[in-house]
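Trainee: Handing you this structure, nothing more for now.
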Amino acid sequence: MSENVVHLHKNKSTDPDQAPAAALTVVADAPAKPVPLWVRSGHAIRRIAADERTKTAGRLTVRHSMYVVNGGRIMGRRAWDGRTAARYERMLRAAEAAGNYEVAAEWEERGQAYRAARHKRRMDLLEAPVDMARSAVAGVGIGMGGLIGLGVVLAAANKDGSLILTPLMAVVEFLALLITIVQVVWGPLVTLSPLLGLLALWEVGRRAQAAPYWALPDNVRNGEGEPITPSIVIKALRDLGVAPLRNAIKDMGDAGAGMLGPIRIAGCGVEVDVTLPSGVSTDEVQRRRRKLAENLTRHEHEVFISIPPAARTVRLWVADSGALDEPIGPSPLVTDESFTFDYAKRKVPWGQDLRGDAAGLSLYQRHLLITGLSNQGKTAALRALALTAAFDRRVEFRIADLKGAGDWAMFDGLATVLIQGPTDDHVIEATEMVEGLVAEMERRLQAPPGTKFNPLVGIVDEEQVAFMCPIKDEDKRPYGGSKAVSRFFMAVRKINNQGRAVDVLMWQGTQDPTDQNLPKLVREGAHTRASLALGTESQSRMALGDKAVDGGASPHLLRPGLDKGTLVISSDGIEIPQGQSSITVRTHYISTEDATEIAERAKALRDGVTTLRVVERGERRDPLADIASVLGDAKRVLTQDVLNRLSRVSEDAYGGWTFADLTRVLDGTGAEPYKSHGRMVIDRERVSRALTNRGDDGSASVSE
Ligand SMILES: Nc1ncnc2c1ncn2[C@@H]1O[C@H](COP(=O)(O)OP(=O)(O)OP(=O)(O)O)[C@@H](O)[C@H]1O
């Protein structure tokens, strides 16, 4: 029978694809430990609380509730102000807190006048009920009399006596109607009035944005670029975290704006002077620049705090949001083909200050130091100065670029020395170049008084390479380092100390300063110190000096990468607003291509300069042998005479020698200078013994 049955469903057992599966044993997981309800609830609550929608709803609720609460507070205060002398008291305290005693006296007078007027009003009020009752009786009497009189006239005219009371009754009916209307409306009005009151308070609170900052709408909280108004400045100062300032502003209330001078447009931002209440020092505000900037909805670099001459006053400059990120225009060197320059009289059009005014730097008899982190525009800024000065054909340049990537290549044919490269050999050449400047400086210093010299500018870019150079010369004197025997260091110092008066100047460009790669004595020898973005405040102190940093200079707050070409400058060669210790300048960028073109124009002004690529080293000399030879037959010779005789032997090698050089060479030989009859001398016999003992191996030499 089963054969005759046709199954309408597939017979699983006969399906060839469905081969009997191997029997699988499913091992159940160990039953999970149940999570307690309180833990699950905690997770759920945390998840819900962290949800953006919950936060938005929370903010919304708090915001609108606080609008009502604070609206009530504002209305209450206004009512209190209107009915009492509180306003006058507040103004008086504000003027006192701001130290403005004249205005304080004025408010005190007004307060007294208000109190006297109020007293009079109150006294008048005591007599008012009797007067009112009297006037009411008189008014009702006169009114009724008038209406009855009118009725008599009506009755006489119509010859109908019933009309006498008609006007009076009409008025009574009208009053009855009014009472009915009030009765009808009163109920709902009583019910609705609290609601209307709350609505009014909410509106007052909303207008004043009177809710905690975090609960305010997004567009208010992220109000970047908001225009700077007195109330925003006052709020920002109040929330700065300086207790006496906050309390004084609280006491002043709306009158806090009295602390502010007018808000003036200043370049791509605004400027306002704030007279601080007594008990608040200017540096307390200056130290909180970031917080102030954030309170003003700006970035830190967009707010500058300086100290103007007026006492207890800070000057705030607040950039228009994002304005400092806009590039400034090209340099006049690029745009003006007929550009000319006078090193002594004119200023280099280097860039713009933050107010957008042209910033000019005088180079006249000033050593210069520019530092900054790598790749921030140091070479470009230094080169812009040199390119400008090149338009005065009197200026001679000797340049050592210890990077040697071609940034200074356009000075070939413009500079008399151009060393380009980062190796130890380049450092040796750079050192000899600076020593050449020292020799020239000393020559000039010995010239007759009043002799005029052309400016001679020695530029060392990437100077840190020289200071960090480990190699020593034949006399075992290191080229790098900052010891008294370090050649580069000593040469730079000599120029820093004495070069200015004879127009032999050092311009140094160095990177990422440390005490090792920019020794203190060298950095402090520069008259103009400028810095691009730096990493730390201690670097800013190295770059610009403590005085400038204490006065607010803060290149460490510039943004590496974003503020390329922006320099904080401390110099008497640039106009710095009174009371400030430094000025921030955004320099015009002159690209290498433009620089090459500008250099060609500058070359055209000159007769043709031959550029040396290495400093020529002359014949080698042996100082010990030379000293021995100049001592002659005398038993002892004064050190000063030895120096004079040596310089006659070779002006180039020994012309710049001092007593220290003599001591250095003789040190450890047994023939060191010593005192005889109160004067320093050198003993001939000892020197010749030292020469004999030395043999051939230790011969020191000096280049001529
Ligand atoms: N004034 C400026 N304005 C805008 N950008 C600039 C300015 N000066 C330089 N830059 C940019 O910064 C880059 C680096 O400039 P530069 O080579 O002068 O820096 P540097 O600090 O000397 O670098 P290094 O670390 O190699 O010494 C330039 O290629 C240019 O793009």
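Glycine too: its Cβ is placed from the backbone N, Cα and C atoms.
For reference, TrEMBL lists these features for the protein:
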| type | residues | note |
| --- | --- | --- |
| BINDING | G372, L373, S374, N375, Q376, G377, K378, T379 | ATP binding site |
| DOMAIN | 345-541 | domain 'FtsK' |
| TRANSMEM | 136-157 | transmembrane segment |
| TRANSMEM | 164-186 | transmembrane segment |
Trainee: Among the binding-site residues G372, G377, point out the residue whose Cβ has the most other Cβ atoms within 10 Å, with all shown protein chains included in the count.
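Mentor: Buried the deepest by this measure is G372.
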Trainee: Counting only residues 6 or more past its boundaries, what in the same chain has a CB within less than 8 Å of a CB in the transmembrane segment (164-186)?
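Mentor: Long-range Cβ neighbours of the transmembrane segment (164-186): 143-144, 147-148, 150-152, 154-155.
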Trainee: Got a sec? Which of these binding-site residues, S374, N375, Q376, T379, has the most Cβ atoms within 10 Å?
Mentor: Q376
Trainee: Which state, by DSSP, holds Q376 (ATP binding site): helix, strand or coil?
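Mentor: In three-state terms, Q376 (ATP binding site) counts as coil.
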Trainee: Neighbour count, 10 Å Cβ-Cβ cut-off, for L373 (ATP binding site): what number do you get?
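Mentor: Looking across every protein chain shown, the total is 20.
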Trainee: Please work out the number of neighbouring Cβ atoms within 10 Å of the Cβ of K378 (ATP binding site), leaving out its own Cβ.
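Mentor: If we count other Cβ atoms within 10 Å of K378 (ATP binding site), we arrive at 25.
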Trainee: Starting from the Cβ centroid of G372, L373, S374, N375, Q376, G377, K378, T379, which together make up the recorded ATP site, report each further residue of the same chain whose Cβ lies within 8 Å of that point, ordered by sequence.
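Mentor: The surrounding set, listed in chain order, is Q511, L532, A533, K564.
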